[in-house]
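Asker: Before anything else, here's the structure in question.
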Amino acid sequence: MVLRLIFSEQPLRKILIFCQLYSAVSRHSVIASNCDDGHDVFAKVKENSLMGTFIANLSFTAQPSSNHLHLKLSGKDADWFYLEGRTIRLNSTSTRTIDREIHGTVLTATVRCYEHKALQAEHRILVEVLNENDNKPEFLQRSVQPLQLSELTAVNSVVFTVQATDADGDTLTYVIDETSPDARYFRVDLPNSGKVVLNKPLDYEIKTQLQLTLYAVETNTKEHYNTTATITISVIDGDDQYPQFQPCTLLSANHSNRICANPLYTANITENEQDIVLDFFPGPIQAVDGDEGLRTPVKYTILSGADNGRFVIDSNSGEVRLTRRVENRLLIPTLRLRVMAAQTDDPLKYAVATVLVRVLAENRFPPQFSRSTYHGFVSEKANPASLVMTYGNKLLILEATDQDFTEGFNPRLQYSLNSQPNSSQLFYITQEGLLIAKTSLLHLGHKYFLEVLATDLESGDTVKAALHVEVLQKGQPVPQGPLGAGHVYRGETVGRAEGVAGVCLILLAITLFTLVRCIRMIREKRDHVIRTSVADNKHPNVMNQSQPMTLVEETFSYHNEVFSEYDHSASPFYGKQGIYTKTEEPPPSSSVNLPSVTLNKSLREPRRNYLALRPNGRPVNRFNNKTVSFHDYVVVREWDEESEENTETTFTTEVEICTNLEEMDMDCELENDDSDLPGDISV
C-alpha cells in the first residue's frame, strides 16, 4: 500500500517520501528505545473524588524503577496527579478536592520519559472531570429584591421576573408556595421562565403589603435540589376611591367589597337661636378621601336647603353655622340640607350626604334618674331569662324624669346599657325601664357592674346611673334594704329596728317639748319680774318715791272755773280726808254729776347728774310727757248739823297724771303730797 502511494505521486515527491521511509526504518532497526512504547493518556474522574483515585496506566514496557528509565509529570494540572510506578493517581486532600465548577471540566498534564537522563519521549494526559450534582440552585439577589406595585396594576400582567442559577447546570423550574399568605394574588404561567403574573386585583385599602414565597427546583436530577426566596411587595395607593363621609357604615361585612353608606347628620336647634355652630349627630360633618394613601383634600358645598343664607358651611372644615333664627317651629319643624364633598384635584370624585335640622322648644331641664346607683338582684334559675328585682323583692324599674314635661314623663327618652366586656350580652333593658337578665349565663355569687343611659332623642341630653346586679342562690330571698345587701332580714329584726326608731322619735319629741316649755317659762318669769318691779317702783327706769327729792312747784289747773276758785278750807270735808267709801256703781238717787277734774303736773325738778339711755344707746327724752286718766264715781256724804242728816252727793272724777309709758326709763312720778285722790272717796 505504501508503494502504491509512492508510485501514485509525482516523481520528485516520490523520491523524498521514499528517502524518509528508508531513514526511519533503518533507525528503528539500528537503535530500539524503552520510551518508544508509551502513548497519550485519555481518562475520566468524578469531581470530589478521594485521594489516590485511579486515573490511568502508562503503556511503557520497562519499569521506571530501573536506573536507565525515569518518568516525570509536568504541565498546568500536573499537581492534581502523582505516579505510582506506571499508574497515574489523583492527588487530592480532605481540604482540597477537585470541583468541576471551580477547576474546570478537563485536567491536562504531560508525562516525560527519560532514559539515561536523556529525554526520549513526551506523552499528553487528558482527564475529563465528570459532573456530580453537588450544588443547589440559587436565586439571583437582584431578582428577589423588595418591589412596589400600584393597586391599579392590570390583572394578568407580568409584574416581575425571578431568576435562579445552578452551578451544576441543571434545569430549573419555578413554583409558587401555595401556603404563603398572599399566594392567591400571583401565578407562574411558564414554570421555566420565572415570570410572575398578577392573578387578582390589588387594593391598598384592604392590604398594603404582600409576601410571596417561590421555589427554584431541579427537574433533571434525582436529588431535585431546590431553593426558596421570599419577596415583599408594597402596594402603592392609586386614586380609585371617592370621598367618604364619616363615620363610615359598611354595607357588607366582606372587606373585599368595601362600600360605605353616607350617614344621616342630625342637629337640634331651638326657636330664636341664631349665629350658632350646629352640633351634629353622630359627629361633625367630615369627609375623607377613600384613598387612604393619598388623602386628597376635599371641599364642602351646600347643594340645597341653605334657605337663602340661613345656613352657611365652611368649605374647608365642613362647619355649618345658623345665621338667621326660626321664628315659629310649628311652621318650620324641620330643615333638610344636602351637602357635597368633592376632591380638590378631581371634582368629579364627590359624595353627597343629607343633613336634618330639627326645630325644638327650649329645653330647660335635662333628664334625671331618681338615684345615682341602683341595686338589683336575680336568683339562679334554670330559665333562660328573668326580670331583675330590687330591695324588698320589688321589680327594678330604671326610669328617668324630665321636668320639661308636666308629670316628668318624657316619651322621647331611650334607655340603653353600657356594660363592661364581661357583662356584655347578659342583660337587656326595655324602653319601659325593665331589666332582663339571661340567668342561664350568669355565675352564682358574682356581681355585675353596668351603666344605664337615658338619652333624650329630641334634645340629645344624656344622663347616666350606676347599676349593680348580684346573683343570689336559688331560694335565697332578696334583701329588704341596703343594710342587708349581703344578708337576709328576719321579721323580728325588722320589728326591733322599727321599735328603736319609734322610741328615738318619741324621745326627740319630748326633748323638743321640754326645751320649748323651759324657754316659755323663762320668758314669762322675766316679764313678771319686769312688771312687778315697775309696779313696786323697783324698775331702774321708774323713780322710787321713797328717795328724797327736791320739792317742786306744782300747778293744778282745773278745767272747771268753779273748782278753780274753790276754797278747800271752807269745805265741810276739810280735815275729814281719812273717811272714804268706794262704791262700784253710783246710787240711783240724789246723784249729781260733777264736771271732770284734770290734774296737770309740771315737773320742775332740777337735772340729775346721770343721763338715762335706751338699750340701743340713744338718750331718753325725759320731757316727753303723757297723761293717764283715772275715771271713777265718788259719793260724798255731808253732815248737816242743823238737820243732823247726811246728804250724799255723787260726782265723777277724772284725773290725768303725767307718765311716760313708751319709755320705761323716764323719771315720772305723781306728787300727791298728803292729799292723794283715790278712785272713790266717801266722807
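Cβ coordinates come from backbone N, Cα and C, glycine included.
Marked as domain 'Cadherin' by TrEMBL: 45-139, 141-245, 261-369, 370-481. Per TrEMBL, the feature transmembrane segment maps to 499-516.
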Asker: Where else in the chain does the transmembrane segment (499-516) make close Cβ contacts, counting only residues six or more beyond its ends and a cut-off under 8 Å?
Answerer: none
Asker: What is the pLDDT of the domain 'Cadherin' (370-481) when averaged and given as a whole number?
Answerer: 86
Asker: What are the DSSP helix/strand/coil residue counts across the domain 'Cadherin' (141-245)?
Answerer: 6 helix, 45 strand, 54 coil
Asker: With helix taken as DSSP H, G or I, strand as E or B and everything else coil, how many residues of the domain 'Cadherin' (370-481) land in each class?
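Answerer: Counting residues per DSSP class in the domain 'Cadherin' (370-481), I get 9 helix, 49 strand, 54 coil.
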